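Record features (Swiss-Prot):
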type	residues	note
BINDING	D37, G38, E39, R96, Q97	ATP binding site
BINDING	H131	Mg(2+) 1 binding site
BINDING	D170	Mg(2+) 2 binding site
ACT_SITE	K193	active site
BINDING	R195, D219, D223, T224, A225, G226, T227	D-ribose 5-phosphate binding site
Amino acid sequence: MSKMMVFTGNANPDLARRVVRQLHIPLGDVSVGKFSDGEISTEINENVRGKDVFIIQPTCAPTNDNLMELVVMADAFRRSSASRITAVIPYFGYARQDRRPRSARVAISAKVVADMLTVVGIDRVLTVDLHADQIQGFFDIPVDNIYGSPVLVDDIEDQRFENLMIVSPDIGGVVRARAVAKSLGVDLGIIDKRREKANHSEVMHIIGDVEGRTCILVDDMVDTAGTLCHAAKALKEHGAAKVFAYCTHPVLSGRAIENIENSVLDELVVTNTIPLSAAAQACSRIRQLDIAPVVAEAVRRISNEESISAMFR
């Protein structure tokens, strides 16, 4: 009899249901709500003693509520004698605060979150496309960071784009974009943003010939969509025939939907690590792919003590 059990909070129950469907097991029974003063309440409604528990809970908006749900659930499972607790965090919030720039008086919030997850008794963490790989080093427990690129690459291949070119929207994303370009066997372009003079707007230098090409911008997340929309504009101005964007995490905060609708971006393709808002679902230029099969396979391998890296060879 399998000891694996999968539970979820309120962050992304649809993804959790898709994952257990892939694993051919039922979704675990846990009640997660709030007390009248807004504090998180949780109760496990079935026996988990000796079980291999997986909690699927991205820490997306509302970030603090979803993070506290994860922490409180983990404590409940630990106190209920689960043999192992794995936090499956498809989107890891607070990941962008991972350093102190020039000794500024700021928190390293990614480290704070790592400490919180460890101290409540979580044994292992599974993430998808961490914003910065070094965050794995903030944990004193094993962290498996899997990639959304296979899902994105499969869809790009299915679209049968002509004269294709993968483009990194900034220098920081070159490694990710190069890996996608290599998988597809196509050219790589890079957008180098730089401010020539103080108080002047950024200038986008295009590295690579995009004239007449179908350009695909690749990034780990799309937040306000400002960078992608400006990049799409620069590519079109340099002669690109079409510009698409493929991003794993659809954060889509602030005026993101408005920015996308008013841009020259032909389409934004994302995964379901984060659920789309009603406005995002209604936007004809946004399409969502299912990452559940990849997450489910990683969960299965962890539970069976199999290699995770073998998934991406």
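Quick reminder: no glycine exception, Cβ is built from N, Cα and C everywhere.
Values in this document were obtained by computation on a predicted structure and should not be read as measured data.
Proximity to D170 (Mg(2+) 2 binding site), defined by a C-alpha to C-alpha distance within 10 angstroms, is shown by the following recorded positions from D37, Q97, K193: K193. Cβ neighbour count for the residue listed as 'Mg(2+) 1 binding site' (all protein chains, 10 Å cutoff from its Cβ): 20. Secondary structure at G226 (D-ribose 5-phosphate binding site), taken from DSSP and collapsed to helix, strand or coil, is helix. Listed binding-site residues: G38, G226; maximum Cβ neighbour count within 10 Å falls on G226. Counting only same-chain residues six or more apart in sequence, the Cβ atoms lying under 8 angstroms from the Cβ of A225 (D-ribose 5-phosphate binding site) belong to L252, A256, N259, I260, S263, L268. A distance of 35 Å separates the Cα atom of D219 (D-ribose 5-phosphate binding site) from that of G38 (ATP binding site). Looking only at Cα atoms, G38 (ATP binding site) sits nearest to D223 among the recorded positions H131, K193, D223, T227.
According to DSSP, Q97 (ATP binding site) sits in a coil region rather than a helix or strand. Its own atom aside, the Cβ of D219 (D-ribose 5-phosphate binding site) has 23 Cβ atoms within 10 angstroms in the protein chains shown.
Cβ neighbour counts within 10 Å, taken over all protein chains shown, single out E39 as the most crowded of the binding-site residues D37, E39. Our reading of the ATP binding annotation (D37, G38, E39, R96, Q97) yields a largest Cα to Cα distance of 30 angstrom. Ranking the recorded positions D37, Q97, H131, K193 by Cα distance from T227 (D-ribose 5-phosphate binding site) puts K193 first.
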